[in-house]
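Working notes for the structure below.
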Amino acid sequence: MAAPMSESWSWFLALAFGVSLLKCLLINTYHSTDFEVHRNWLAVTHSLPLSRWYFEETSEWTLDYPPLFAWFEHGLSYIATYFDKEMLVVQNLNHASPATILFQRLSVICTDIVFIYAVKECCKCVQGGKGSKDLLGRPSFVLAVLLLWNLGLLVVDHIHFQYNGFLFGMLLLSIARHFQGRHLEGALLFALLLNLKHIYLYIAPAYGIYLLRSFCFSQDNKDGSLNWRSFSPVRLAALGAIVCSVFALSFGPFIVLGQLPQVLSRLFPFKRGLCHAYWAPNFWALYNVADKVLSVLGVKLKLLDASALPKASMTGGLVQEFQHSVLPSVSPLVTLVCTLISILPAVLKIWLRPSGAQGFLRCVVVCALGSFMFGWHVHEKAILVAILPLSLLAVESREDAGIFLVLATTGHFSLFPLLFTAPELPIKILLMLLFTLYSFASLRTVFRNKGGLISALEAVYLAGLVPLEVLCEFVYPCTVWRESFPFIPLLSTSVYCALGVSYSFIKLYLSLFRTESAGKLKSH
Amino acid sequence: MENWSLVSLCVLLGLTARWTVSLNSYSGSSKPPMFGDYEAQRHWQEITYNLPVHQWYFNTTDNDLNYWGLDYPPLTAFHSFLCAHVAQLIDPEWVELHKSRGYESPAHKLFMRATVFIADIVIYIPAVVLYCLYLSDGSVRKKVSTMLGILLYPGLILIDHGHFQYNGVSLGLALWGVLGLGLGKDLLGSVAFTLALNYKQMELYHALPFFCYLLGKCAKQGLTHKGLILLVKISVTVVVSFAVCWLPFLSDPQQSLQVVRRLFPVARGLYEDKVANTWCSMNVLIKIRNQLSTDAQIYLSLISTLLAILPSSIKLFLNPTFWQFKLALVNSSLAFFLFSFQVHEKSILLAALPVCLLMNEIPLVSIWFLIASTFSMLPLLLKDGLLLPYAVTSVAFLFVSMYLLSALDRTTVDNLRARPYVRLFGTCFPRINIPLITKLKFALFLLAMAGLSFMSAALDPPAKLPDLFPVLVSLCAYFQFLGCMIYFNVIQLMEPSGKDDQKKVK
């Protein structure tokens, strides 16, 4: 699949350097409590012995990422001493001196080098676009911009503050390695990634099945079904050794210290509610609203007794606990089952009819989106786990490009409530326009001879985001309801976006089964 | 990709850069009692909102001219008046007479930043876009690259959206003037330029080229028939637009005179702070300000400025093409900056605007000049706490424009328009390699500027020479400006008349 690498890559460096400069300009923007979270982790990992990392609770933001991320913070803290030693004191809560801000921001910008390298590897994996001499219409160029200048990463990492850049770098690099046939490397990278941030567990099924099916079995039957005799124990052993050693490296010390239950309880806090404070635009957002609508209707039609309903169940969007009044309440187990059911067909498909790395990538996206749709306490940021890998598919097929446009636009729009401060309002609108305009214009150029990318209905839906934004950010704050119903803008944003995300999810599922024949043609 | 989407992407990038810079601090932030230009603009809103027009420019009990008295022409005052009314709607405290002095709050900062941002969207950016689309040569790709370069010019972004001023308005209006002249709409162009002049008197730096170009054009059409009619039309337009701007002050000659006195404060001395112009640089050797009387200083600067602009103006009058006009704009504004009386470091923006317009034709030297002009304002930007945006936007501009305009590849003798130099030096040094020398000088000065920027930001000056770094910065910038002025003059004056016709507007 690799495109010939004869042409110059100066444009790639220009894009990467350009976006890095933009990130530097964002240093003085608003940062969320996640900034303090990571500052605290720097302090904890720097000043305390290993045995207390997962017990320390001076700050409310306790360490809840896997051990390798803690080691990463530990490593960063050595550089931090050259900027401001005060940030490394656990008791200095909310310490945000200019030097601290500069250091933390720069650490995100610098570790993004991993991401940049991964994007370069991904760009090599897409078909070179032989037809178009024009650089701006080449799939690899478009992909580079869609990934490097991804709005979600800019917003979440460089304004809101998190370290997703290099984590996604590892994910994309591991995907690229699978495309290049370097499966063991890909597995190693993914194992490391899981030990850096466990949110990627959601896509682990795709990895596990794919590696087992397409790596441990070296041959297919002629009709594409499984050939049991081609099983290679050596490969399985190698794979197992890699994965186990990574996990041993990461969790081993804590097992020796006998702290494994404590670490795990920090990593999986099921005490939180079904939905995050601001509802991620997923199935449960729709479910909650349906519940509310039904209860209101029920009371109106005298089918329900108003006094029997739980009171003020919808101060919501702001309170995490949510009691359903008509529909059954949802437990973590239910969400887990729903998630598993939603990703099962996709995983089965790559077991029964694997269609190479392309099919694997599609499965990754479906897993990411399925868990986003049905998971417990999902954050709106998790949509990026689906959007970024989907970019790779989008530049290669027209149908995927259409799905990508709907999903990316609604998904990115649903990140808007993360930045609620007035000075950042123009930035998020400008960046959104920039990215959306580019993705539409560029993908249309890539597929210019193959008809439209999105249907009229989808276009109307996406255009509806504009009045929604105007109403939520400009009109609603001027109305009298601002005080009594402060949650309406968040609620409507998340419900409106949930429609688009669910729609993309269904469409992606359909594509999973439709592309079977097309995928096979490509792999030859 | 369609052209309109490329253009919109460029504009969006320019806007993003502007707004991110505006999140940083501004001049005089929490520095009582005088604060800075931010407070000046806010104070003008307070004055224009609360006082009747005839008191705006006069020292009264309600209007202390020593505290940021209004010293810009009427259009600025009207703009403040407009902003003040909006401000009053949002929060009356912002423009309350006397009590609002030194008012600062995050919400107010947001409002002030938004006014500059909107002014840019309405006036400056459309002018840049139209200029690049209609008046620069080459493919669409090249036009768009030039556009991005101009929109990302850091000097203007940092002064307007960081330091806090409304240069985008006056420069934008001047650019609308250039646009009008370039498209053959002389009357509209003159109106726009008159408005620019009435927004900031510093636009006088550009006045002579406008005058000479239009006069030369009339003369070419024959001052006895068509040309005369055109000349009369233009004069009437200019006089009428002036009259409209000054309407409230025309009732009483005292009023107009007072405004003029406020606009040209000769008492403020030959130059302020550390400016990269001739007088300030000479100060290192001779202390002119102590040796000559104020009058003598005025005459000296007047005569040297006139001498410096005359050649380019005469050439433009004799040969009024658009290309000559652009070069004359550069030469005239540089001459004013380097030699005239009472120059601010920010006035280099007036020279930077026409140089921006040359970025497509002479990329390397233009980019070089634009970087140097930003660098020359470093002491000011450091005072405002804008080091980070200064560094980032400068590097971004240098990188983006060099890359997109392939400035380092387009450096043959013809690209650099260095034929005159070859003719000049070729006799003594037949093997002189002007492109190589230019590139070397460029690299050398870039290094010097980077080094001086670093030293100014990171090191403490020796106790005996507290002004060491600002002086070095202004000297370093001065030599580059002087070199550029000579270079642009040589290009303009040595351009044979035949070649100019090809450069005419299409």
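Each residue's number is its place along the chain shown, starting with 1.
Even glycines carry a Cβ here, placed using N, Cα and C.
Summarising the annotation, TrEMBL assigns signal peptide to A:1-24.
For A:135-156 (among others), the entry in TrEMBL reads transmembrane segment.
Annotation source TrEMBL lists transmembrane segment at A:199-216 (among others). Residues 167, 171, 178, 183, 187, 190, 193, 226, 231-232, 235-236, 239, 339, 343, 346-347, 350-351, 354, 356, 360, 363-364, 366-368, 370-372, 375, 382, 385 of the same chain lie 6 or more positions beyond the ends of the transmembrane segment (A:199-216) yet place their CB under 8 Å from a CB of it.
Long-range contacts of the transmembrane segment (A:236-260) within the same chain, counting only residues at least 6 positions beyond its ends with a Cβ under 8 Å from a Cβ of the stretch, are 50-51, 54-55, 66-68, 183-184, 187-188, 191-192, 195, 211-212, 215-216. If you look up TrEMBL, you'll see A:236-260 (among others) marked as transmembrane segment.
Marked as transmembrane segment by TrEMBL: A:333-352 (among others).
Residues or ranges marked as transmembrane segment in TrEMBL: A:359-376 (among others). Residues of the same chain lying 6 or more positions beyond the ends of the transmembrane segment (A:359-376) and with a Cβ under 8 Å from any Cβ of it are 175, 178-179, 202-203, 205-207, 209-210, 214, 270, 272, 274, 280, 282-284, 332, 335-336, 338-339, 342-343, 346-347, 349-350, 353, 382-383, 385-386, 389-390, 392-393, 407, 501-502, 504-505, 508-509, 511-512, 515, 519.
Counting same-chain residues at least six beyond the ends of the transmembrane segment (A:429-447), those with a Cβ under 8 angstroms from any Cβ of the stretch are 129, 132, 134, 136-139, 142, 145-146, 149-151, 154-155, 394-395, 398, 401, 404-405, 408-409, 412-413, 416, 453, 469. Taken from TrEMBL, the feature transmembrane segment applies to A:429-447 (among others).
Through the fold, the transmembrane segment (A:459-476) approaches residues 405-406, 409-410, 413, 416, 425, 429, 482, 488-489, 492-493, 496, 499-500, 503 of its own chain, all at least 6 residues removed from its boundaries and within a Cβ separation under 8 Å. Taken from TrEMBL, the feature transmembrane segment applies to A:459-476 (among others).
Within its own chain, the transmembrane segment (A:488-510) has Cβ neighbours under 8 Å at 278-283, 285-286, 289, 316-318, 345-346, 362, 365-366, 369-370, 372-373, 380, 383, 390, 402-403, 406-407, 409-411, 413-414, 416-417, 458, 461-462, 464-465, 468, 471-473, 476, 481, counting only residues six or more beyond its boundaries. Residues or ranges marked as transmembrane segment in TrEMBL: A:488-510 (among others).
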Long-range Cβ neighbours of the transmembrane segment (A:135-156) (under 8 Å; 6 or more residues past either end): 3, 11-12, 15-16, 19, 22-23, 26, 115-116, 119-120, 122-124, 126-129, 162, 164-165, 168, 172, 381, 383-384, 387-388, 391-392, 394-396, 411-412, 415, 418-419, 428, 431-432, 434-436, 438-439, 442-443, 445-446, 448
